[in-house]
Amino acid sequence: MAQARRYIPEINLMRAMAILAVVMIHSTSNALVQLQTSSSFYGVYVFLHEFAVFAVPAFIFISGFVLTYNYVGKPLNGGTIATFYRKRIWGAVLPYAIFSLLYFFLKADFAPPPDSATKFLGQLLTGQAYGHLYFMFVIIQYYILFPVLLLALRSGWVRRHIWWIGIVLQFAYFYLNREYIVHQTGWPNVLHRTGSLFISYFGVFAVAMWVAIHYERILSWFAARPAVRRLSVLLAYALWMLSGAYYVYLRYQGLVNKDWADGQVFAYTQFVFNLMSAISLFLLSNVLMRRPKAVWTRMLGNIGVCSFGIYLIHPAVLYYYRDLPVPGNGMLFHVYYACEFLAALLVAWGDRLGDSAQFPMGMDAVRHLLGS
């Protein structure tokens, strides 16, 4: 029988940082629309919005790591697979369907048109019921695929090389899409929304799987080489910052000067930024856990525990917050968007805190979505 794996509290800290980035993306998107590109603050909002795009790959990394860490040592039989899918249906598919329906009605001001059933079903099956729900659509694809990946991991060669196999497959899809799929006008629209397909993030997921498989050995190897560990951490942070700065620069040039980067250059830059973001956040979470009693560590841990609820609820908070008029005054404009971020985070976080206190078993179930 496979031994139970130890709990890794750092994961909740990484979830917290990722969900803060999600709220940042969504609370600054309207500011970029409202501001003129000539504004001296436009670059600030571009940075806040674009640098935070590490959120989705960070959550993909978390899911790949936690799923692999928990399941790779278990026997791959009917019971294991049945338990896996039962948890995913309860913890991911059901909440996804419920909140897709709620947001579908919200968009229609709770007065849907006569053909709403057909429209809703189409949006549910493609992750389009509301803007943020495409992530659920992506993660469910990984859940469907995961037992097949576990079967592949029975091969020692695959276990050693899964990280680069995933990266190669992701970029093979990038070139296939660029040269062939994008020109197929008769294909379903979902196949042209590359950000909604699992393969677009498969390199990050595969690296997370490799880290999970070798996690204890990696920790032991670095523990015996403290100088190498410190240098590696510094290099990871430096590459994260440099790739992030260049990614934001490319986006800024496109948004302001309409000087869009070559697709291949942009894809490689974005991938390096995504991967190094996930690795750096994972490392940072380990650093923070050296002081588990610190206020910030405990606060981030709590946000991480509530991250799924925050993810589901915060767009509804933003929807109603945006009924408030945007001030034209410079300082009040920035206060408005700072309050938008805080409102989306605090209302959603407070709601989840209340629910977790009253219904702890329910909260434990839904947290399966973001990796368990």
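Just so it is clear, glycine is given a Cβ too, placed from its N, Cα and C backbone atoms.
What TrEMBL annotates here:
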type	residues	note
DOMAIN	9-349	domain 'Acyltransferase 3'
TRANSMEM	12-33	transmembrane segment
TRANSMEM	45-69	transmembrane segment
TRANSMEM	89-106	transmembrane segment
TRANSMEM	133-153	transmembrane segment
TRANSMEM	160-176	transmembrane segment
TRANSMEM	196-215	transmembrane segment
TRANSMEM	227-248	transmembrane segment
TRANSMEM	268-288	transmembrane segment
TRANSMEM	300-321	transmembrane segment
TRANSMEM	333-350	transmembrane segment
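Contact between the transmembrane segment (196-215) and the transmembrane segment (133-153) is supported: at least 3 Cβ pairs lie under 8 Å, counting only residues 6 or more apart in sequence. Contact between the transmembrane segment (45-69) and the transmembrane segment (268-288) holds: at least three of their C-beta pairs are under 8 Å, each pair 6 or more apart in sequence. Listed by sequence, the residues of this chain that lie at least six past the ends of the transmembrane segment (133-153) yet keep a Cβ under 8 A from its Cβ atoms are 56, 59-60, 63-64, 67-68, 71-72, 76, 81, 84-85, 88, 92-93, 96, 99-100, 103, 126-127, 159, 162, 193, 195-198, 201, 205, 209, 213, 311, 369. Taking the domain 'Acyltransferase 3' (9-349) as a whole, pLDDT averages 94 in the prediction. Sequence-distant neighbours of the transmembrane segment (227-248) (same chain, 6+ residues past either end, Cβ-Cβ under 8 Å): 46-47, 50-51, 53-54, 269-270, 272-273, 276-277, 279-280, 283. Ranked by number of Cβ pairs under 8 Å to the transmembrane segment (268-288), the listed stretches 12-33, 160-176, 333-350 are led by 12-33. Tertiary neighbourhood of the transmembrane segment (333-350): same-chain residues 20, 23-24, 26-28, 30-31, 34, 41, 45, 303, 306, 309-310, 312-315, 317-318, 321-322, 324, 326-327, selected by CB-CB distance under 8 Å and a gap of 6+ residues from either end. Panel annotation: around the transmembrane segment (160-176), residues 152-153, 197, 199-207, 209-210, 213, 267, 271 of the same chain, lying at least six beyond its termini, place a Cβ under 8 Å from a Cβ of the stretch.
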